[in-house]
């Protein structure tokens, strides 16, 4: 049985890929280890906040955020840690087993990040479109099933090909694992095309659909709120109503509408206009308007959170999948410096997500303050965005 020996000079050698002046190497190393610190420490803090805060933990939507934090933590502990050490030594120092585990966990974690954001988008879509029926579709059991399924799919997509490719090939392959971590399955055109479709094209298409649906729904609701505030009245009366709606109390809502006229309405319906140009809305309107405003604001904040997460993911991950698409049809003819740049750009998303959680969720922000400023007594957040 014949054997195949790799041409070591053609393989991935980080010594050549990152051969730069010393001052530039110091700058790059500090940047990459800072990225590692933010990804690991940031996501550990997010997980601790969820463990400590029962309100966060009990929300199905927030469990999808926790799932994303776990995937991002895996990127920090596995991908960034090992790759930074690999850069330091120049050659691969860990051997065959660690190489295979590194590749499996790296691609699985990045894939799971895409799936996690897809689950968050799906949850926001149900929240906005199903409203009162949302709880019927998104139970705790459903959430855990979806999370477990996506992790299983991610590990199978990358674990089985890496572990089974060599045993199923005819020739034993001799690899210089003391020099590089190189798995030829990563360069099979059919495999790369399948991975591109399953882990990028389908998730991105789904994200676009969910996001457009959410914003179209919110836009229609905003138009409905504007119409519900418009009354056909004499000019002086209309101005009085507009001033009431534009008051700080109305803008801060939700809360009861101002009592525009305490007089009774003999007819029992419609808005009554008194001789003094004051208006009394029907009783049902005064109850429903604040509820609609509260629902609208809740959904709007959810949409903003979703947009930030999706935009950051697409910005960081798209170059990697474009590069892999080029790699699938061009073989080994590529620049390793660009390969490393798109790798680190993808992993940077895991370091940035904890900041997005703090910006968009007051409970997580309060959790950060209580941990990082432990000598202060931080009051718990009173509202929950996600």
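Here, residue 1 is simply the first one shown, and the rest follow in order.
Glycine residues also receive a Cβ, built from the backbone N, Cα and C atoms like all the rest.
Automatic prediction, not curation, is the source of TrEMBL annotations.
What you see is a predicted model, and the numbers here were worked out from it, not measured in a lab.
Record features, source TrEMBL:
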DOMAIN    42-357  domain 'G-protein coupled receptors family 1 profile'
REGION    238-290  region 'Disordered'
TRANSMEM  26-52  transmembrane segment
TRANSMEM  64-82  transmembrane segment
TRANSMEM  102-122  transmembrane segment
TRANSMEM  143-165  transmembrane segment
TRANSMEM  193-219  transmembrane segment
TRANSMEM  302-330  transmembrane segment
TRANSMEM  336-359  transmembrane segment
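For the domain 'G-protein coupled receptors family 1 profile' (42-357), the predicted model reports an average pLDDT of 78.
Residues 18, 20, 62, 65-66, 69-70, 72-73, 75-77, 80-81, 83-84, 87-88, 344, 347-348, 350-355, 357, 363-364, 367-368, 371-372 of the same chain lie 6 or more positions beyond the ends of the transmembrane segment (26-52) yet place their CB under 8 Å from a CB of it. Taking pairs at least six residues apart, the transmembrane segment (336-359) and the transmembrane segment (193-219) share fewer than three Cβ pairs below 8 Å and do not count as touching.
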